[in-house]
């Protein structure tokens with residue numbers, strides 16, 4: 001069974017009197033920085049000078065420094081910039097300025113797990129990974145709640161790395177909801193596998209193929225959109241709130257029977273075998289290698305795929321349907 005920590009298992013004491021540098025002030029960086037400050041901790045921000053994020057952080061009362069200057073004065077460094085930007089920033093603006101005994105925190109294990117960032121031996125390397133977007137991290141904190149998170153230790157130079165990870169988790173409100181101990185490998189691999197075979201890749205293609213089948217059979221695209229995409233939220237909300245069995249108890253008997261008899265014939269053992277093939281690509285590092293090479297080429301393949309997604313018929317119909325539902329196009 002997984003080890004789960006709550007508020008009673010964590011303390012802010014390891015962070016008291018220390019300077020925390022949050023590198024990045026995007027959706028996660030801003031939320032975590034604000035929560036940590038509201039928890040009574042000293043937080044500074046490290047950014048490229050002059051950008052919109054710099055001005056926003058200053059306007060919200062933070063001391064803001066260029067990344068290297070923030071790292072040089074920090075005891076705890078939270079690397080909250082996008083994964084693919086991290087290796088270059090690490091090499092040029094973080095690693096040369098780290099203090100011995102510093103604590104380096106990541107919100108995702110990708111660069112550490114796949115060896116794109118190699119920290120020196122004289123620092124702690126930890127991960128605190130909220131399992132929600134930054135907006136929810138902040139909103140739940142302000143409401144007196146929190147979002148769940150994962151914590152992991154990659155390198156324990158101080159002997160207290162887990163305590164630092166739990167302190168950060170407590171400071172951002174995650175221990176209010178529950179924090180699961182994991183490893184960098186497990187977090188990275190399950191995150192990527194889940195995105196590819198279910199949450200982004202699998203779900204997206206399932207919806208698109210269902211839409212295509214209905215339209216090819218002569219049904220109106222607008223009706224098809226509602227049936228396979230719009231109503232997906234209703235089902236996912238039930239699953240999120242009640243679990244899969246609870247969702248089944250929340251739909252009609254006709255939906256139950258149809259879903260339970262037809263679903264396994266579509267998502268069958270052959271699909272499961274394909275899922276495993278692509279999961280193993282993640283585990284072996286093959287996907288990471290492919291993605292790093294793609295990013296180095298300027299993301300040309302990704303741009304083409306995004307354009308194809310943008311122009312799919314479900315998006316053309318969806319733009320009009322979202323205006324009807326929400327009064328404007330939702331990005």
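In case you wondered, yes, glycine gets a Cβ from its N, Cα and C as well.
Quick caveat, the model's predicted, so the values are computed rather than measured.
The annotation active site is assigned in Swiss-Prot to 108 on the grounds of sequence analysis. For 25, 26, 27, 28, 48, 53, 83, 84, 85, 86, 134, the entry in Swiss-Prot reads NADP(+) binding site. Annotation source Swiss-Prot lists Mg(2+) 1 binding site at 191, 195. Feature annotation from Swiss-Prot assigns Mg(2+) 2 binding site to 191, 227, 231; the stated evidence is sequence analysis. Positions annotated as substrate binding site by Swiss-Prot: 252. Positions annotated as domain 'KARI N-terminal Rossmann' by Swiss-Prot: 2-182. The domain 'KARI C-terminal knotted' annotation in Swiss-Prot covers 183-328.
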Could you state the whole-number distance in Å separating the C-alpha atoms of residue 227 (Mg(2+) 2 binding site) and the residue listed as 'substrate binding site'?
15
In whole Å, how far does the CA atom of residue 195 (Mg(2+) 1 binding site) lie from that of residue 25 (NADP(+) binding site)?
24
What's the CA-CA gap between residue 83 (NADP(+) binding site) and residue 252 (substrate binding site) in angstrom, rounded?
43
Nearest-integer angstrom distance between the alpha carbons (Cα) of the residue listed as 'active site' and residue 191 (Mg(2+) 1 binding site)
9
Tally the residues of the domain 'KARI C-terminal knotted' (183-328) by DSSP class, grouping H, G and I as helix, E and B as strand, and everything else as coil.
126 helix, 0 strand, 20 coil
As a test of the contact definition, list every same-chain residue at least 6 positions from residue 48 (NADP(+) binding site) whose Cβ is closer than 8 Å to its Cβ.
54, 66, 67
Most Cβ neighbours within 10 Å, among the binding-site residues 85, 191, 195, goes to 191
Spatial neighbours, same chain, of residue 27 (NADP(+) binding site) - Cβ under 8 Å, 6+ residues apart
133, 134, 135
Give the sequence-ordered list of residues that share a chain with residue 25 (NADP(+) binding site), lie 6 or more positions from it, and have CB atoms under 8 Å from its CB.
33, 45, 47, 53, 54, 56, 57
Where does the mean pLDDT land for the domain 'KARI N-terminal Rossmann' (2-182)?
97
Across all protein chains shown, the one of the binding-site residues 83, 227, 231 with the most other Cβ atoms within 10 Å of its Cβ is 83
What residue among the binding-site residues 134, 252 has the most other CB atoms lying within 10 A of its CB?
134
Could you round the CA separation between residue 85 (NADP(+) binding site) and residue 231 (Mg(2+) 2 binding site) to a whole angstrom and send it over?
37
Helix, strand or coil at residue 83 (NADP(+) binding site) [DSSP, three-state]
helix
